[in-house]
Each structure stands twice: as structure tokens, then as C-alpha cells.
Amino acid sequence: MSTTVSHESQREQQDGALGYPEGGPRAWGVVFGSCCVSFSVFGIINTSAVFESYFTEHQLKGESPSRLAWIFSVYLFLIYFIGLLVGPVFDHHGHRILILTASILAVVSPFILSFCSEYYQIFLTFAVLSGMGGSLMSTPSIAAVGHWFCKRRGLAVGIATSAGGIGGIIFPLMLRVTLDRYGFAWSMRILGFILLLLGLPPNLLIRTRLPRSEKFTSVWPDISVFLDSKFALCCCGIFFMEYGVLIPLTYIVSYASTRGHNATQAYVLPALLNAGSVVGRVIPGLVSDRLGRFNTMIITVGGCAVAVLALWLPNGNSEPMLISFAIILGFVSGGNVSLTPVCIGQLCDSRDYGRYLSGAMLVAGFGTLTGIPIGGAILGNQSSKEWLGLILFSSLSYVVSVCCFIAARVLAVGWSLRVVY
């Protein structure tokens, strides 16, 4: 254990030598640019329940839940998987080409989607094209924040990622209005114009400041990072956390509809979940700078398991309880989102942040690739028994996740609850 603590002290000395600004116009400009990326990329992810419900009732009516789920799981998987290459490229060559290319793909994809009506067309446009765009900008935008903040990184990343929750509020409510009034095609074009505006600040404001790392000389991925047991356990926790959160995020609208709630109420649930997530991404990030990043992550992941078991499992037919569940889960799962990159940053040199972050996101990508289809397979014909199995799958995933984060923390600093880590 003394060797582990020594390594942690050495890393802290390295961070101190790099001299982080911890604020100022340029630093907060990077955070704002990252907010715009989060708004567009994760705002779309947090709107997946609306797309899933709409496709089920219109273009892809008659498709099985499992087949439909592949659209959203591949979208998320590509965001994380391609990031395995994006992270090292960012560490060596910076962000500009990556974010510019990503912005173009993000804007073009909804315009193409407006003409799509077949499964393969929607799959290639929504899952592949949008997923590639999201992957090229998500990792650099978060990793760049790590170049400007260290002691206040939890707060800075929390603010940056909170915009994804805001997008998850605005996009579902916007689509609810535009889909009824203008139809699918023009709804996607309106979305495309919004993404065009959101693409400008990241290209103008995001910048890096740290020199290249001497530890890694190649832009190709290096699997040796997974030999660190703390990092490997942290990645396992992220993997099962993805299993846990994607179930309610993807299926909560369909669940409410099958329980007799009207369409308007059902479409509001993702907005409520994301409203809770906005606050949940900032406050746990702020708390983590004082209480410890892993300590706070363990609390928020455990809170997700409690929310699913105590609110969704026994009371899903009650509208007030379903609303309460959406808000509370949004809050605690929002902490998961903002603390994930901060916990990864706790385990590595900031000059290698992109490489480690993209490695962790690759593991998360396999969680998203398999989690939603597994959920769709469990759901089957949406009977009461199958919904019960889906909810239990989500809760069990959270329990396994929190155990992994506890194990990573114990390996780093031991069992003492007084250690801020």
C-alpha cells in the first residue's frame, strides 16, 4: 500500500509542476466550448427514448425491440470505440482537425436523416455517421478541460457535461412540438441548424496548453494502460454503469406508454430525467473536489441502484412515483457522467489524459453496444414479467458497478474512509 500511496504523491507532484490556471477567460472559454459539444453529442444521446418511441410507431413500425436497439447501441459504441484512436491523436496533435471534422459530420447527419425511411438508411445515418461525428469531438472536448484545471477539475468537467443534460431537456420538448407540427423531415432539419450553431464555439474556443507526454511516443492505442489494476477496475465499473443507465434512458418513454400514461406525459419523462441530470452533473463535481472523486462516484452509483430498486421496481404504475424516479435517477446518474472523466484523470498524468480517457470510453462502448440489445431481448413483447426482468437487469448492473469502483479505491488508498480520493 505504501508503494501505491507513493505513486499517488508522485502524480500530484507532476500535476503541480504543470501549473494549471484553474480559471480565467481562456480556461472558462474551453469549458464553454466543451459545453456546446456536450449539448449536441450527449443531448442527442439523452433524447434516444424519443427517437426509439417515434421510430417504433412510424418508420420502423413492426421491427423487434432488439433490432431497433442496435441503432442506438451502435451509435454510442462508435462514439466510444473510435475515441480509442482519437485520444492518442489528441495528445500528440491537438484538437483542431478533430473537432472541425466532427462538427461537419454532426451537422450533415440530421439533414440526411430527414430523407430516411428504411432501417438500413436510419442505421447508417443515425448510428454510423452521427456516431463518428460524436466520437471525434467528445474525447478532445473533455480532455482539453483537463489541460486547464486540476484542483477544480470536478467542477469544470461537471459544468461542461451538464450541457448534455440541458440538451436532453430541450431536444425532447422541441421534437415533441416539431414532430406534430412539421413532421419528421423538417424536425431533423431544424435539429441540424441547431447543431450548426452549437458547432461554432468549440472550434473557436477549445484549445490545449500542455506539452506532449514522454511516456507514450506513438499515436496508436497502447493496451498496457489496462495493466494498471486500478484503471482496469475503474473501466469495469464504467462498463456496468452503462448497462444500468441505458435501460431507463432508452425505454422509459415506452414503459410509460405501456402503463397507460398519455403520449405527452411519456415524452416529458426524458426531459425530467435530464433536468435532474443537469443539477446532478454540477453538484457532485463540486463536492468531489473536496470529498474525493472516487468517494463521490461510489455514492452516486449506489444512489442509482437505490433509485431503480426503491422507486421504479415497486411503483412503476404510479405517475407521481415515475416522475420522482426520473428526476432522482437523473440527478444521481448525472453525477456518474461528470465524475467518470474526473476519476480517470485521477489515475494518470494529464498529458496522457486523452489516451486514458479514450481507453475507458472504449470499454464503455462495449457496454453500450451490448446493453441496449440485451435490454431489448429481455423486454421481448413488453409484458409485465419482461419489464420486471429489464428493471432488475438495470439495478443489478449498478450494484456490480459500485463494487468495481469500491475495489479500485481500496487498491489506491486502502479501506480508510478518511482519505480524500
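A Cβ is built for glycine as well, from the same backbone N, Cα and C atoms used for every other residue.
These numbers come from a predicted model, not from an experiment.
Per-residue pLDDT, averaged across the domain 'Major facilitator superfamily (MFS) profile' (26-412), gives 86. Feature annotation from TrEMBL assigns domain 'Major facilitator superfamily (MFS) profile' to 26-412.
Marked as region 'Disordered' by TrEMBL: 1-20.
As annotated by TrEMBL, transmembrane segment applies to 27-49 (among others).
What TrEMBL lists as transmembrane segment is 69-90 (among others).
TrEMBL lists 97-113 (among others) with the feature transmembrane segment.
According to TrEMBL, the transmembrane segment annotation covers 119-143 (among others). Sequence-distant contacts of the transmembrane segment (119-143), counting only residues of its own chain at least 6 positions beyond either end whose CB sits under 8 Å from a CB of the stretch, comprise 33-34, 37-38, 41-42, 44-45, 51, 55, 59-60, 63, 67, 70-72, 74-83, 86-87, 90-91, 95, 98-99, 101-106, 108-110, 112-113, 157, 160-161, 202, 206, 341, 353-354, 357-358, 361.
The transmembrane segment annotation in TrEMBL covers 155-174 (among others).
What TrEMBL lists as transmembrane segment is 186-206 (among others).
Same-chain residues lying 6 or more positions outside the transmembrane segment (231-254) and placing a CB less than 8 Å from one of its CB atoms are 45-46, 48-50, 52-53, 56, 69, 72-73, 76, 225, 266-267, 269-270, 273, 297, 301, 304-305, 308, 312, 325-326, 329, 333, 336, 340, 343-344, 347-348, 356, 359-360, 363-364, 366-368, 371-372, 374-375, 379, 382, 390-391, 393-395, 397-398, 400-405, 407-408, 411. The annotation transmembrane segment is assigned in TrEMBL to 231-254 (among others).
Marked as transmembrane segment by TrEMBL: 266-287 (among others).
The transmembrane segment feature in TrEMBL is assigned to 294-315 (among others).
If you look up TrEMBL, you'll see 321-344 (among others) marked as transmembrane segment. Long-range neighbours of the transmembrane segment (321-344) within the same chain, counting only residues 6 or more positions beyond its ends whose Cβ lies under 8 Å from a Cβ of the stretch, are 42, 142-143, 146, 153-154, 157-158, 161-162, 164-165, 231, 234, 238, 241, 245, 248, 252, 256, 259, 261, 269-270, 272-285, 288, 293-294, 296-297, 299-301, 303-304, 307-308, 311-312, 315, 353, 356-357, 360, 364, 405.
Sequence-distant contacts of the transmembrane segment (356-379) (same chain, at least 6 residues past either end, Cβ-Cβ under 8 Å): 64-70, 72-74, 76-81, 83-88, 138-139, 142-143, 221, 225-226, 231, 234-236, 238-243, 246-247, 250-251, 340-341, 344-345, 347-348, 386-387, 389-390, 393-394, 397. Residues or ranges marked as transmembrane segment by TrEMBL: 356-379 (among others).
Positions annotated as transmembrane segment by TrEMBL: 391-412 (among others). Remote same-chain residues near the transmembrane segment (391-412) are listed as 4, 8, 229-231, 233-234, 236-241, 243-245, 247-248, 294-295, 297-298, 301-302, 304-305, 308-309, 312-313, 316, 343, 371, 374-375, 378, 421 (criterion: CB distance under 8 Å, separation of at least six residues from the stretch ends).
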Non-local residues, at least 6 beyond the ends, that sit with Cβ under 8 Å of the transmembrane segment (294-315): 154, 237, 241, 244-245, 248, 280, 284, 287-288, 321-322, 324-325, 328-329, 331-333, 335-336, 339-340, 343, 346, 388, 391-392, 394-395, 398-399, 401-402, 405-406, 408-409, 412, 420-421
Between 27-49, 97-113, 186-206, 266-287, who has the most Cβ pairs under 8 Å to the transmembrane segment (69-90)? 27-49
